[in-house]
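Here Swiss-Prot flags D229 as active site, nucleophile. Residues annotated as active site, proton donor in Swiss-Prot: E253. The substrate binding site annotation in Swiss-Prot covers W105, R227, K232, Q233, D322, R370. Look at Swiss-Prot and you will find D229, E253 tagged as Ca(2+) 2 binding site. The GPI-anchor amidated serine annotation in Swiss-Prot covers S603 and is backed by sequence analysis. Summarising the annotation, Swiss-Prot assigns region 'Disordered' to 526-579. Under the heading site 'Transition state stabilizer', Swiss-Prot lists D322, citing similarity to another entry as support.
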Amino acid sequence: MGFSKIALFSLFALFGLPTSLAKSSEEWRDRIIYQVITDRFAVDSDNTPDCSFDDSSYCGGTWSGIRSKLDYIQGMGFNAIWISPVEKNLEGSYGSDGEAYHGYWNTDFTQLNEHFGSEDDLIDLITDMHNRDMWIMFDALANSMAIPGPTDNISYSNLVPFNDSSYFHPYCWIDYGSNNNTDIEDCWTGDDNVILADLDIESTNVADYLHEHIHDMVERYQIDGIRIDAVKQMNPEFFPNYTSAAGVFAIGEMFSYDPNVSCSVRNYLDSITSYPIRQGIEFAFNYTGAAFEYLQEIDTQFQQACEGQDMSVIGNFLENHDLPRYTSITNDTSQDIGAIVFLLLHTGIPIIYYGEEQRLPGGSDTPENRAALWNYGYDTDANYYQTIRTAIALRKQAISDSDSWTTDSHSYLDYDLRHAVVRKGDVLGVYTNYESSSDNVTYDVSSNFDDGTVLREVLSNTTTTVGSSGALHVTVVSGLPQVYYPEASLTSFGNFLGTATSYSSASASYPSTSMSASLSSVHTSSATSSSKSSSSSSSRSGSSSSSSSRSGSTSSSGSSHTITSTSQSVHTSGSSTSTSSVAVTSTAYSSSSSSSSSSSIESSANAVRVSILGVAAFIAIVLFI
């Protein structure tokens, strides 16, 4: 790193100030995350290295490559990026497991992974992101370290700083079917090619180092949030001090489809990734099992299991680096698009895995679900890219119109095997699992909007008027989702869309000119309007208490269904959690909390101090040079 960057970071540290203001759970609610596998997303040159579909070696993606594609990511509306772990990893190739291109075989907490670029490259990426008001999320590793197999030849000598067996739990293979938490938390993962030795995080020496490490990483690289890997395999008592040391929003990977198991760590973390909701979405849109009835049921169970906790910051996703690409589950584009749109407009923080916008193919296992995106291109006119862009723009519109939209309850107005009608605030979605080749299906929806309200279906860019008693006549074309929003509230939609482009042709497409092709020109004249709409909240139906009853009047035969409101409301805002600040002494971290008003005052004060120190830093550097 050049002197100027080190000097600036050091000057902030000298005054005891963070290099970036800590981002809380409340601030992360408004974010939409794009997850990348650093090695597979983009290269930093015009060259496109060979990287086969099932390649398990490094392919050449870098931090500079991500930086070169920020326009591409931001063009969809994403304002946060989750990157692969950055620490140095195990070198070499290990049988069928290949190389550590994914970043999860860490061996040295003191060095960066040089395959992804230099420290300057990483800082330049983050600096450019922050200049765009995009936030960075680091993947934090604290559960294990990688050792070459086999197990009868274990050596810790190359691990930094934990180069002795005393820093690890005794060797034993984890039994995922065990009900013994100690077995799951203390035993090891991996295989005879690469062993992931389980760190003894109950040890004071180990825990203190990990606290210091994550604190220093956040300070040095201006990290806005962390995703903690493998929290199911860790003692949850470790997390409060660890996240306090980080001082930023922390979301944990809780790999369990059981709502009760998933929610068991919510008292220790700001958030978790929602595997139960992901499974519900898969079953519903792929027409598997109970379909939308199962999605509604698992959604309700998840809310109940996490009762009293803030569900508005749950991380919702359809794909990730550990799961099959959805294209391997269904080859139907309408089902796929419906699942993505549902995810983007649901309660929680949406997370889209790189390549979903290009409908990246992928197998049911790694590395087939981690293909190099440059082999498929970065087409900003692609149907999926534009659909994601439109749905994100609507999400931002809804948040702009109502301070409470992210924490509003969502209601399943009706649901059965083949469809669901979901309302959250003023966003009304009609979703089905009909295939793209299916006939049109008509529904009469009880929308809970006032009579005479003009609604725009944002994906096809058409309007309709609400009839008597809130009735809405909906025709689902080729199985595609329908998403409605009050026309009068779309004044700044073009601003959220940004530069407009139209849908390209695809096997499943919308019947008329796309929202992104026209609304930006229709509404740009009033795009600067960002006031909160009081009329929006007055027409909401999502604040009523939960009801276990559902309509029995839906028909599953024929092409016409009459839907009556069941007001199946799912509450989302429990006891809101805030990220604790961290006070650093020579040996310990102490957490403290403050009210939202004092946090606001402190943030303002920090902003002033940072501005002053920024000027001071510049002067100091110039004088030094």
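Every residue gets a Cβ built from N, Cα and C, even glycine.
Neighbour count (other Cβ atoms within 10 Å of the Cβ, all protein chains): 20 for D229 (active site, nucleophile). Within 10 Å of the C-beta of W105 (substrate binding site) we count 27 further C-beta atoms, all protein chains included. The shortest Cα-Cα distance between D229 (active site, nucleophile) and any of the recorded positions W105, E253, D322, R370 is the one to E253. All protein chains shown were included, and the count of other CB atoms within 10 Å of the CB of the residue listed as 'active site, proton donor' stands at 20. Spatial neighbours are here defined as Cα atoms within 10 angstroms of one another, and by that definition the neighbours of E253 (active site, proton donor) among the binding-site residues W105, K232, D322, R370 are K232. Look at R370 (substrate binding site): DSSP puts it in coil. Other C-beta atoms found within 10 angstroms of the C-beta of K232 (substrate binding site) number 21, with every protein chain shown included. For R370 (substrate binding site), the same-chain residues 6+ apart in sequence whose C-beta sits under 8 angstroms from its C-beta are I37, R40, Y101, H102, H321, G362.
R227 (substrate binding site) carries a strand DSSP state (E or B).
Take the CB of R227 (substrate binding site) and look out to 10 A: across all protein chains shown you find 23 other CB atoms.
Taking the Cβ of Q233 (substrate binding site) as centre and 10 Å as the limit, one finds 21 other Cβ atoms among all the protein chains shown.
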